[in-house]
Each structure stands twice: as C-alpha cells, then as structure tokens.
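Positions annotated as compositional bias 'Basic residues' by TrEMBL: 319-336. For 19-111, the entry in TrEMBL reads domain 'HTH La-type RNA-binding'. The domain 'RRM' feature in TrEMBL is assigned to 120-208. Look at TrEMBL and you will find 220-341 tagged as domain 'XRRM'. The region 'Disordered' annotation in TrEMBL covers 319-350.
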Amino acid sequence: MAARGDVRFELFEAEDERETLDFDILDKIIKQLEYYFGDKNLSRDKFLQRKLESGNGWVEIDVLLTFNKLRSLTYKKWTVSAAFYWKGSQLLEISRDETKVRRKPAHPWPRRSRTELDELTVFVKGFPLNTCTDELDKFFGQFGQSVDVFMMCHNKTRKFKGSVFATFATKDEVNAFLSRESVKFNELELTRAIKQTRHAIRVKKDAEYEALAEPAEELKVVPGCLLRVTGLDKVTTWKSLKEALEPYAKVAFVDYCESKGEAVLRFIEEGAAHAVLTKLEQHGKGLHIDGNRVIVEALEAGEEVEYWKKLAAIKRKLRNRRGRHNSRSVQRGKKRRSEERSISPDNMME
C-alpha cells in the first residue's frame, strides 16, 4: 500500500490479481476522465449530468468504468486510484475512500450553453492522417492550459480525417490562437476557423437551397417526438436502434447517419422524447445499444423546427424525382406504343 496526501491505493486486490502499472495507461486514464468531465462533453452528456446532480458533484468510479473508452484502459477501481496518485489532475480529484471522482471545487462545471461552447471551439484541419491523440494533446498544450480536442474520424473505419474541434478554456485563448499569422504541425500549415463561422457557412448554403426550392407542403408536425442518439458504434443498425427504444415509446421512423455515428428517432406520440428520457433516468443505467453506452437527448424547439423543414425539403425532392421519372416513363410508353402501331400487321396492310 502507498500513500500520498489524502490519496492512497493498493497495488493489487488479491495475491492472484497482481498487475504491473503501466504509466502510459495511467496518463491515458486521467486524460479520458478529464474528457468525460470536460465542459464540452458535460454540456451534451445528459446521463453524466444527472449523475453529477444526484451525487452532489461526485460520480462513482464503478459507473465510469461502464464507459467503453475507460473500460478499454482498465476495469479496476484501484487502477483509477493509482492514476490519480501517480499522475494527478488539474481538473479532477478522487474521494478519500477512492470510490468517486468529481471536478475540483476550484474548477466547477460552468454549465455553458451550446452557443457559448461553440464560441470557444475552433475547427482545425490539415493534420497527417496518422496523427495520434497524444501528439494532438501536446500540440494544443502550447496554446492553452486545458484544451479539449475532439478528433474527427470516419465512422466505419475509425480512421482519423485530419481535422479536429479544439475547445479552449477562454475567449482570449481562442483569439490568440486564431490571430497567429501561421500555425504549423510538423511543418504542415493548418487551416483554422471558429466553429460558429464554419456552421454559418453551412447554414447559408442550406438557406440558399431552400430559397430555390418550391414552397414545402404542409407536414403533420408532432411536437416533442424527436430524440437524438449519438456515440453509436459502427456495428449498430437502424433495426437495433429501434429495438432498443421501442420498449419506451412507439417508434415511427429512424433517421440514421452511419458516417456520423448518430441518429434521430421520431416517435408517434407528442412529447414522447422527454417521456423516454424520464424513463431512462428512472432506470439509472443510461442507454446501451450493441454493448455501447450512447448519449440520448431530446431536440430543442429550434432544432425541431429545422428538422421538420429539412424533412419537408427531402420529401419535396423525392416527389419531384418521382414526377420526372413518371413523366419520362409516360413519354417512353407513348413512343413504344407509337412504334408498335407503325409495325403492326394492320398498318402494314394499309
């Protein structure tokens, strides 16, 4: 047994469970925990938010060890305790009985809105495709004390795309990073843009598309029926998504984007999305699909409106395609009938 301040840990739990400490693994454990408790992840992880609220800021290590990425590093509480002993964390601390983790009182969860986080998030691209997490953490460590880096990867292959979202702690750090005349990674020039600016460009393109389109037909809008599911594994299918949520509410449609690893489920009844979240909270285990814990959240009012608008545009586009297809089919049919009449025996006899 070793001790350091108020934190102590046992090197092994039993004689037949000896395990050699890998200091690289301990470092990865701390970084993974800091990601879970980071501002950006907490803003969207409703499950973890509820655990923080019910535990007065603390989350049981047993709960954290059910998360896939942490479980891939260790499945034992004492290893997490050892990580705090040997590596420590500027953001987090472990309880005296070594069973829980929380953000340090000096770094309370700011409960920032998505808009505020977007203002602190920079889109950066141009990294080599073989760049690893440790290299990115070290690189962005030059520009801020606590930068949350999210690597963008292809969902099916899990290969890095060469671009990241980097969330800084303050607006000053963001401005300092963007105001640099040049930012290079291993002599490669990087492209930088504030996330809001990148989003605004996409919104403008959507608006231009809708302006060119015909007025959408009236859709039967069902308020509060849309539920977003993120963090899906590449083996997940629309069928397994539906089966996982059918016990909570009747699913009308599954809008699944495999490349992004996320889906929007449309329920039949009004207000079903919040009802599902309430049931999941009562169970207290979150939602697991294909053995993977996923994040679920109800779409906000503004997001619902945008979703229904896009759905209307898709329906209109499909209808126009069918119209053109039917028109061509009719023309081909007329041509065939004309040709048949021209070579029929009766016509030949005339």
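Heads up, the Cβ atoms here are built off N, Cα and C, so glycines get one too.
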Requested in this report: Report the DSSP secondary-structure composition of the domain 'XRRM' (220-341) as helix, strand and coil residue counts.
Outcome: 61 helix, 28 strand, 33 coil
Report task. Using DSSP, tally how many residues of the domain 'RRM' (120-208) sit in helix, strand and coil. Result -> 31 helix, 27 strand, 31 coil
Report summary line: The DSSP breakdown of the domain 'HTH La-type RNA-binding' (19-111) into helix, strand and coil residues is 47 helix, 9 strand, 37 coil
